[in-house]
Amino acid sequence: MLANRTSMERVSIGDDIIKEDIIRTEIEESGNGLGQVIPKPESIRDMTPEELQGLETQMVRKVDMVIMPIMGVLYLLNYVDRSALASAKVYGIMTDLNMTTNDFASAISILFAGYIPFQIPSNLLMSKISRPGLYICAAATVWGVVSGCTGAVRSYHGLLAIRVLLGATEAVFFPGVIYLMSAWYTKKELGKRLGALFIFQSIGSAFGGFIAAACLTLDGRYGIAGWRWLFIVEGATTVGCGLVSAMFMPEYPHKARLLKPIERDYAVWRLEMEAGAGEANDEITVWKGFKMAFSDPKIWALVWCMGMSQAMGSTGNFFPTLVQTLGYNKNITLLLTAPPYIVAAIASWGAAYISDASIYRMNIILPILLVSLSLAVVAYVICLASLTLGARYFAMMLMPSVIACPQAMLFKTLNIHMARPYPKRAAGVAMINSIGGISNVWASYLYYDGPHYYAAFACS
């Protein structure tokens, strides 16, 4: 009996040693490639790889069903609101406010006087507040109010003032959304989600023309000009969507109410596995994160690339004017602005899908950039050299695509290679979008010599 008991104790002790070895092996295998060991949370420690895969699929699908529609719709409205001034030019805002071509360029570019300086402090603030999702939705609501108020301006100087304020309120949104998305998605997942955002951007620009054509039919209703109705309707829509979105937008994974506790644990752990720290436990200060971003030459290289891309992107601020050179009436001109952006939506999704599928096999981002830039050269040379209807509209069909695809890839590059610490990522995203966006200021003054627009297309 004693011998049997001793034997059983040895077996029990042996089993415990084996279990400890298994757990130790699991933890050692949970390294993130950065020399760090990231133990699994207790809630998922005993799950098989197949069970973890199922949990991940369920969790990501749930997040996609909430985050992406909210961010996508708000980004769509962001571009609908932003394109309103370009549409209003076709319908008489310059006449009503006694503006010259140079005045209109100033009205376009002065938005960035508010947009550029507020992005970095806004993103640094967002990295330290507990409810960044609510912050983004509140900003969307405020910019909707400001956009609607554009319909009430009575002078050119009033328009300039409202545009500066609009830029300041919009500064929160895009870099904030990029930052919040990278707090939820892994590197492999992020490309398609960024692509989806740029699809919504393209759809917003496409339907901006349709919406403008519809709103401008209200011209003269209650004594209000059609371009004023455009700002009023679009601003009111944005306010409503911002308020509704605030009720559903999730925050960080570790406190997301839409996830079960086990899903929250896994959502945080998988990001820690990939980058070494999650949003819940990174202790880098805001100021240190900014200094790290400011001193990183890789971020400055991305800033330079974004500056070149944004110079091309200034085309969007004048796109209805460019399409008007085809010789059609005002309504058809606005409708013809839609197809190029629909093509851009398809191109953005294709680029995002390819970049995600190949992220661990080869660097596909550089080829995407090179193809986009090559097509950009083709498009701008055609517009410089030809007034032929078919050739010119073909070039215009390419323009939104060759602008959207490079920008999506640049933001993905940042979030792949500089994911943590997260205050650095927040500052980096804002630096790329704000400092890189300075080119919008000077590029807005190049659209003065239509229909060829030699200065604008040559610089682009």
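Placement of Cβ uses the backbone N, Cα and C atoms for every residue, glycine included.
Taken from TrEMBL, the feature domain 'Major facilitator superfamily (MFS) profile' applies to 67-460. If you look up TrEMBL, you'll see 63-80, 104-126, 133-153, 159-182, 194-214, 226-249, 332-352, 364-387, 393-414, 426-448 marked as transmembrane segment.
For the transmembrane segment (194-214), the list of distant contacts is 68, 71-73, 75-80, 83-84, 87-88, 91, 177-178, 181, 230, 233-234, 316, 319-320, 331, 334-342, 344-345, 348-349, 351-353, 355, 400, 404-405, 407-408, 411-412: same-chain residues at least six beyond its ends, Cβ to Cβ under 8 Å. Same-chain residues lying 6 or more positions outside the transmembrane segment (364-387) and placing a CB less than 8 Å from one of its CB atoms are 305, 312, 322, 325, 351, 354-355, 358, 394-396, 398-399, 401-403, 405-406, 409, 412-413, 451-454, 457-458, 460. Sequence-distant contacts of the transmembrane segment (226-249), counting only residues of its own chain at least 6 positions beyond either end whose CB sits under 8 Å from a CB of the stretch, comprise 66-67, 70, 73-74, 77, 80-81, 84, 87-88, 91-93, 96, 133-134, 136-152, 211-212, 215-220. Only sequence-distant pairs (6 or more apart) were considered; of these, fewer than three Cβ pairs between the transmembrane segment (63-80) and the transmembrane segment (332-352) are under 8 A, so the stretches are not in contact. Where the transmembrane segment (159-182) meets the stretches 104-126, 332-352, 426-448, the count of C-beta pairs under 8 angstroms peaks at 104-126. Sequence-distant contacts of the transmembrane segment (426-448), counting only residues of its own chain at least 6 positions beyond either end whose CB sits under 8 Å from a CB of the stretch, comprise 101-102, 105-106, 108-109, 112, 115-117, 119-120, 122-124, 126-127, 171, 174-175, 178-179, 182, 289-290, 292-294, 296, 299, 302-311, 313-314, 317-318, 321, 410-411, 414-415, 418, 455-456, 459-460. Distant neighbours of the transmembrane segment (332-352): 87, 90, 191-196, 198-199, 201-203, 205-210, 212-213, 216, 319-320, 323-324, 326, 368, 372, 393, 396-401, 403-405, 408-409, 412; these residues of the same chain sit at least 6 beyond its ends, with a Cβ under 8 Å from one of its Cβ atoms. Here the transmembrane segment (104-126) has long-range neighbours at 85, 89, 94, 132, 135, 156, 159-160, 163-172, 175-176, 179-180, 286, 289-290, 314, 317-318, 423, 426-427, 429-431, 433-435, 437-438, 440-442, 444-445, 447-448, meaning same-chain residues at least 6 beyond its ends whose C-beta is under 8 angstroms from one of its own.
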